[in-house]
Amino acid sequence: MTDNRKPEDYTIEMDKLGQNKNYQAPPPPPQPRSSTASSISNNAALSVLAYCGSSILMTVMNKYVLSSDFNLNFFLLCVQSLVCIIAIQLCKACGLITYRDFNLDEARKWFPITLLLIGMIYTGSKALQFLSIPVYTIFKNLTIILIAYGEVLWFGGSVTNLTLFSFGLMVFSSIIAAWADIKHAIESSGDATSKVSTLNAGYIWMLINCLCTSSYVLGMRKRIKLTNFKDFDTMFYNNLLSIPVLIVCSGILEDWSPANVARNFPSADRNGIMFAMILSGLSTVFISYTSAWCVRVTSSTTYSMVGALNKLPIALSGLIFFDAPVTFPSVSAIMVGFVSGIVYAVAKIKQNAKPKVGILPTTNPVSASSQSMRDSLRS
């Protein structure tokens, strides 16, 4: 509401203060908040920190559920998506957020990204089920390499020598982590063959997850540019479109016999598991929003690198809350992976600070893949 009072209306004569001891100065006019909200929405550092916290929460909650004999992974993911949809719908009803209403044509165009998301989160849950949190986070670094070269192919990115060196450190840390994991499995008491087989299954799921994650991140970045989706639009369509697919996959591919349900939800831990599932579902609200937010205000490579910089607190959570082996090779792998993240950050800073000479573009270049994507959206 506009304040029409003149400046002299706010003046106070000092000799009249004693006559009106109860005088209260009028409140200052409200300050516009649009610029502040815009600066927060486009703050790259804040988006990275938000993604860090949400990814740590989601990883720990998922590991808690999957660390038992839980094998209803599709059901877990469906609960997460359902809780996410309920949460953002309540926020929209309260006027806290806004996003587009459901549109069938937009849903059809976004559905391939949803399938990539389902592939990413399912393979990630399977890898986390077989691997410890430190090993899982270290191997997640390999996704950064795939995404970086994907950006070279589709978004005109480049890889410097220092960036390439950081990639070498990431691969080296993954090798150390795998060797430490296998060494601990062989030397520990119990069936070593069974433990090594479990680790091998985890490595295979991790490889598939790296491919799915890089495809999802690159595809989502390109699709966001073409559809002009905002952060909550992306979160809404990602979770809403994934629910029917996850329900069908859970009903067809997972065992819903009474014995298996009792094994997944034992009476002693049933309440704790259900609470963790709901909490992990709420964490998907933050991970869905902050991941899209981070990709929008930074780049898909920076988004993937956040996971590498997160490895230290995530690994510590695995060592504190779960039975992850604490050995010199495993700690060394964590530290090498963390150093690789620092080297990568320095490489990106130097690359961004270097002036681009000799390049005078008159138009925005469009690759053949980008043009074909735009043509498909028009159809």
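Cβ from N, Cα, C; glycine included.
Pulled from Swiss-Prot:
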REGION    17-38  region 'Disordered'
TOPO_DOM  1-39  topological domain 'Cytoplasmic'
TOPO_DOM  61-69  topological domain 'Lumenal'
TOPO_DOM  91-110  topological domain 'Cytoplasmic'
TOPO_DOM  157-162  topological domain 'Cytoplasmic'
TOPO_DOM  183-198  topological domain 'Lumenal'
TOPO_DOM  220-233  topological domain 'Cytoplasmic'
TOPO_DOM  255-272  topological domain 'Lumenal'
TOPO_DOM  294-301  topological domain 'Cytoplasmic'
TOPO_DOM  347-379  topological domain 'Cytoplasmic'
TRANSMEM  40-60  transmembrane segment
TRANSMEM  70-90  transmembrane segment
TRANSMEM  111-133  transmembrane segment
TRANSMEM  137-156  transmembrane segment
TRANSMEM  163-182  transmembrane segment
TRANSMEM  199-219  transmembrane segment
TRANSMEM  234-254  transmembrane segment
TRANSMEM  273-293  transmembrane segment
TRANSMEM  302-322  transmembrane segment
TRANSMEM  326-346  transmembrane segment
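Only sequence-distant pairs (6 or more apart) were considered; of these, at least three Cβ pairs between the transmembrane segment (199-219) and the transmembrane segment (111-133) are under 8 A, so the stretches are in contact.
Only sequence-distant pairs (6 or more apart) were considered; of these, fewer than three Cβ pairs between the transmembrane segment (163-182) and the transmembrane segment (273-293) are under 8 A, so the stretches are not in contact. Relative to the transmembrane segment (137-156), the listed stretch 326-346 leads the set 40-60, 70-90, 234-254, 273-293, 326-346 in CB pairs under 8 A. For the topological domain 'Cytoplasmic' (91-110), the model's average pLDDT works out to 86. For the transmembrane segment (273-293), the residues of the chain that approach it from at least six positions outside its boundaries are 41, 47, 50-51, 53-55, 57-58, 61-62, 64-65, 68, 70, 76, 79-84, 87-88, 220, 224, 229, 231-232, 234-235, 238-239, 264-265, 303, judged by C-beta separation under 8 angstroms. Stretch with the most C-beta contacts under 8 angstroms to the transmembrane segment (111-133), considering only 40-60, 70-90, 326-346: 70-90.
Broken down by DSSP into helix, strand and coil, the topological domain 'Cytoplasmic' (157-162) contains 2 helix, 0 strand, 4 coil. In terms of DSSP helix, strand and coil, the topological domain 'Lumenal' (183-198) has 12 helix, 0 strand, 4 coil.
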